[in-house]
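J.: Shown below is the structure under consideration.
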């Protein structure tokens, strides 16, 4: 049993009160046992000089302990005229840690300063500052967000101390425990489980890799509980974290060419296409459908279920008349390896060499599927007719584009600009149909 009656794997009582300062854009008072920290977030419509014009925001922090935060009064650092090394190190940790939870590009060119003032200290003030400042940060960003695109806070972030006393791992150290611990650590992590920072020291003894892992596991347990406290304090604002706004649509593809085409077309009707790589690191689902439409729905549903966001997926490919519609749904892996354009094109050319030019008709087919979290779906189909040529022309596009000839334009798909391609391509046609439905939906 610990000096305050807790179990070794138990946090001190935690409360977070949001909105305690009417002047700050975001504020929170966090209490962890007898440690109390007032956290405020202040928004400035400009960034440091070295970031101007970069299209990115900035999050930084300042930290101080008030004179009577401890048993004996300490002179204010401002009076001494110099910030202590400890304060500098802690405020850098706070800013560094919380920046990892923010999409700085989505934030835009604004700077947010987090002020963490320790009202009362009984150990673990830096970790309490990070956990409380996160709530103030979310509140501030929610107040300035216009609901378009991804919410700039992409994950929850909290911090906790752990240590070993008499060979036993302890969670959330008070001052007396921190002062006598053989090993003590401060751990900052995201809700995803990713570690942001680990500060660990063998004060009275060395520690093994196994002990390190045990302490990290204990810290992750505590951080999960602290994030639950953050979510309770944030209320409905917690649902914004990691979300995409009302006009944000997740693009369920890793194909850069498709992403560019989808983003350009969606932008014309006021929607933002968000690449899946900006939201989550997910493998592609297995495409088990026998038609383009089935595969598009499989992918859209998969990414929607994994992220909770509206997801737009396509399945498209080449259907050659002389090959009875092949490559069809196997277009991306026609030669065996998924995404090997050179091998796929080589196989196509080899199979078309003996086919008379007048019989080399083909069509690109695109099926789009947009699936919402409530189960609503929108679909669209586009087709573009052309011919197969045996020599590549053009350097644009991707896939079979250099070999897909458009007689009426006397160009291959790879010779078109992106704007030209969007006007006549199978994907462009499907996107126009879907875009019109989205326009009607938003009116």
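Note: Cβ is positioned from N, Cα and C throughout, glycine not excepted.
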J.: In TrEMBL, 253, 254, 255, 256, 257, 258, 398, 399, 400, 401, 421, 426, 427 are given as binding substrate, so which of 161, 179, 192, 316 is in that site too?
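T.: The record-listed residue among the candidates is 316.
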J.: Given that TrEMBL annotates 124, 125, 126 as binding phosphate, state which candidate in 80, 86 belongs to that site as well.
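T.: Checking 80, 86 against TrEMBL: the phosphate site match is 86.
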J.: Give me the Cα-Cα distance between residue 126 (phosphate binding site) and residue 401 (substrate binding site), rounded to a whole Å.
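T.: Distance between the two Cα atoms comes out at 56 Å.
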J.: Tell me, what is the mean pLDDT of the domain 'Exoribonuclease phosphorolytic' (10-140)?
T.: 96
J.: Other residues with Cβ within 8 Å of the Cβ centroid of 86, 124, 125, 126 at the phosphate site?
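T.: In sequence order, the nearby non-listed residues are 63, 90, 118, 121, 123, 127, 128, 129, 186.
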J.: Can you grab the distance from residue 253 (substrate binding site) over to residue 86 (phosphate binding site)? Cα atoms, rounded to a whole Å.
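T.: Checking the Cα atoms of residue 253 (substrate binding site) and residue 86 (phosphate binding site) gives a distance of 46 Å.
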J.: If you measure from the Cα of residue 255 (substrate binding site), which of the recorded positions 86, 124, 125, 286, 315 is the nearest?
T.: 315
J.: In whole Å, how far is residue 286 (Mg(2+) binding site) from residue 125 (phosphate binding site) when you measure between their Cα atoms?
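T.: Per the Cα atoms, residue 125 (phosphate binding site) and residue 286 (Mg(2+) binding site) stand 48 Å apart.
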